[in-house]
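Novice: Handing you this structure, nothing more for now.
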Amino acid sequence: MLSLLGATTLMLVAGRWVLPAASGEANLKSENVEIHIIDDNFFLKWNSSSESVRNVTFSADYQILGTDNWKKLPGCQHITSSKCNFSSVELKDVFEKIELRIRAEEGNNTSTWYEVEPFVPFLKAQIGPPDVHLEAEDKAIILSISPPGTEDSIMWALDRSSFRYSVVIWKNSSSLEERTETVYPEDKIYKLSPEITYCLKVKAELRLQSRVGCYSPVYCINTTERHKVPSPENVQINVDNQAYVLKWDYPYESTTFQAQWLRAFLKKIPGKHSNKWKQIPNCENVTTTHCVFPRDIFSMGIYYVRVRASNGNGTSFWSEEKEFNTEVKPIIFPPVISMKSITDDSLHVSVSASEESENMSVNQLYPLVYEVIFWENTSNAERKVLEKRTDFTFPNLKPLTVYCVKARALIENDRWNKGSSYSDTVCEKTKPGNTSKTWLIAGICTALFSILVVIYVVRVFLRCVKYVFFPSSKPPSSVDQYFSDQPLRNLLLSTSEEQTERCFIIENASIITEIEETNEVAEVHEEYNSQASQDSGNYSNEDENSGSKISEEFLQQDSV
């Protein structure tokens, strides 16, 4: 038992006590005085330097603080060793302070008393290891745990039903696959494999006091071979209007089922509870994998249910026990999510109730909160937030980026974390930012400029092609100016006309003078017309012949 000591000890460094020095005797002294309390076991231990002195014993007294009534400490009188057990001391109250004193003795000689600092037994007590009993099934182990101490323990009399037990279990063949579970005094460990040796150890805890006990010794047991009739699995209980619906999975037909219930608080009380399970109405000898029973069977509280199967070959073990709370069991459907981009760096999210949700009392009786998971579509990094509002905004986002969101409804301040499944995932892209607009405008302008440049280059290219392969029938103006004089225009006349000489018989000299003046005017007019027609590239004989026509007219008039 002393090997278990060490977590909660009272260690005192005592001064020496000295026996009267006699002839050949040495001084006697004590060094570390320690008090250990485990459950209802009390131990006093000290170190002494008087081993070389023979016939030295030690005795201790105790008293309740403030009574001034020292009594001999049972089990600690005339002790020759350096420890004693005073568990037989009769203490009426473990919350009262106790004083201890100890001295050394040799014959009729005694040292002075050394008084230990007063202590409260309950505050110094260490929780001891619980006692464990095991029973095996094919896929489970039944635990029966006795609280630390004895049935009439004074130390834990008020806490026997407050203990919680932590179990560490592993396969005997591999200690690396350890699994830790919190269990009740009468409980089961599920999800095991048939015909496997499992080992476990258990420790007790008082969570409200933050006190943790010692582990029990290691216990090992073999699970049985696979049972011929398997147990039902995936037991669930839901609410449908004014009734409960209990469902489970089972692989075979032609099987009957039975379901039972138990109040949850009974599992906290040590002892057997197999006879306290009660039959659920309408769930006995049913041939379907579900049964329906009225809600008024259960008052407000927490319960456990279990199911087992039967056929002509036998009866299965009980299924895994399912806990449910009558206050929060109504079904919560997943919400409907919508998301809209409002700016370049924010998205607005709206949460609404599902159309399938018919039990509106859930929203009225229990306030809901929404667990929202938000992430960038190209990233696995998720942001999880709890929102009481049905409309909220995610700010500080990237422009032109796709974000996704999903959510589920939870009952606020629910310690069992009951909630719906997650909604469908909704994704939305943020709007372009100012920088994006600037780049967009710049891109459009660049594209337009590029188009104009391309058009200009194409036109120049086409003109070059036309000039090379399809030249104009008219000579250019620079060439045409050399052909603007009168002698050159005569080249365009026919050969016959060029070789013809015109002769005139002039009888009146005055007419000749008028004709010459007229010809001078015509020449001036011709020169003007020639300059005006150089750019057009057109050649005309009209001006060239105008002089001759005028001369002919004058001749005709003269002849008349």
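Note: Cβ is positioned from N, Cα and C throughout, glycine not excepted.
Okay, these came from Swiss-Prot:
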DISULFID  Cys76-Cys84  disulfide bond
DISULFID  Cys199-Cys220  disulfide bond
DISULFID  Cys283-Cys291  disulfide bond
DISULFID  Cys404-Cys427  disulfide bond
DOMAIN    333-433  domain 'Fibronectin type-III 3'
CARBOHYD  Asn47  N-linked glycosylation site
CARBOHYD  Asn55  N-linked glycosylation site
CARBOHYD  Asn85  N-linked glycosylation site
CARBOHYD  Asn108  N-linked glycosylation site
CARBOHYD  Asn109  N-linked glycosylation site
CARBOHYD  Asn172  N-linked glycosylation site
CARBOHYD  Asn222  N-linked glycosylation site
CARBOHYD  Asn285  N-linked glycosylation site
CARBOHYD  Asn313  N-linked glycosylation site
CARBOHYD  Asn359  N-linked glycosylation site
CARBOHYD  Asn377  N-linked glycosylation site
CARBOHYD  Asn434  N-linked glycosylation site
MOD_RES   Ser496  phosphoserine
MOD_RES   Ser536  phosphoserine
REGION    492-501  region 'Important for interaction with TYK2'
TRANSMEM  438-458  transmembrane segment
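Mind running through what each feature is packed against?
Specialist: Its own atom aside, the Cβ of Cys84 (disulfide bond) has 21 Cβ atoms within 10 angstroms in the protein chains shown.
Annotation for Cys220 (disulfide bond): spatial neighbours Asn172, Thr197, Tyr198, Cys199, Leu200, criterion Cβ-Cβ under 8 Å with sequence separation of six or more.
Look at Cys283 (disulfide bond): DSSP puts it in a strand.
Its Cβ placed at the centre, Cys427 (disulfide bond) has 12 other Cβ atoms within 10 Å. In three-state terms derived from DSSP, Cys427 (disulfide bond) belongs to an extended strand segment.
Taking all protein chains in view, 14 other C-beta atoms sit within 10 angstroms of the C-beta of Asn47 (N-linked glycosylation site).
Counting only same-chain residues at least 6 apart in sequence, those with a Cβ under 8 Å from the Cβ of Asn55 (N-linked glycosylation site) are Glu106, Gly107. DSSP assigns Asn55 (N-linked glycosylation site) to coil in the three-state reduction, outside any helix or strand.
Cβ neighbours within 10 Å of Asn85 (N-linked glycosylation site), excluding its own Cβ and spanning all shown chains: 18. Annotation note: Asn85 (N-linked glycosylation site) sits in a strand segment as assigned by DSSP.
Shown in sequence order, the list is empty: the chain has no residue 6+ apart in sequence with a C-beta less than 8 angstroms from the C-beta of Asn108 (N-linked glycosylation site).
Of all the Cβ atoms in the protein chains shown, 14 others lie within 10 Å of the Cβ of Asn109 (N-linked glycosylation site).
Using a 10 Å radius centred on the Cβ of Asn172 (N-linked glycosylation site) and all shown protein chains, the other Cβ atoms total 13.
DSSP assigns Asn222 (N-linked glycosylation site) to a strand in the three-state reduction. Long-range neighbours of Asn222 (N-linked glycosylation site) (same chain, six or more residues apart, CB within less than 8 Å of its CB): Ala136, Glu195, Ile196, Thr197, Tyr198.
In the three-state DSSP reading, Asn313 (N-linked glycosylation site) counts as coil. Taking all protein chains in view, 8 other C-beta atoms sit within 10 angstroms of the C-beta of Asn313 (N-linked glycosylation site).
Around the Cβ of Asn377 (N-linked glycosylation site), a 10 Å sphere holds 12 further Cβ atoms from the protein chains shown.
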Novice: Between Cys427 (disulfide bond) and Asn109 (N-linked glycosylation site), how many Å separate their Cα atoms?
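Specialist: That separation, Cα to Cα, works out to 92 Å.
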Novice: Give me the CA-CA distance between Cys283 (disulfide bond) and Asn47 (N-linked glycosylation site), in Å, as a whole number.
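Specialist: Distance (Cα to Cα, whole Å): 68 Å.
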Novice: If you run through the domain 'Fibronectin type-III 3' (333-433) with DSSP, how many residues end up as helix, strand and coil?
Specialist: 5 helix, 49 strand, 47 coil
Novice: Count the other Cβ atoms sitting within 10 Å of the Cβ of Cys291 (disulfide bond), across every protein chain shown.
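Specialist: Within a 10 Å radius of the Cβ of Cys291 (disulfide bond) lie 20 other Cβ atoms.
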Novice: Which one is it, among the recorded positions Asn85, Asn313, Cys404, that lies nearest to Asn109 (N-linked glycosylation site) by Cα separation?
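Specialist: It is Asn85, whose Cα lies nearest.
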Novice: Counting across all protein chains shown, how many other Cβ atoms sit within 10 Å of the Cβ of Cys404 (disulfide bond)?
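Specialist: Summing over all protein chains shown, Cys404 (disulfide bond) has 17 other Cβ atoms within 10 Å.
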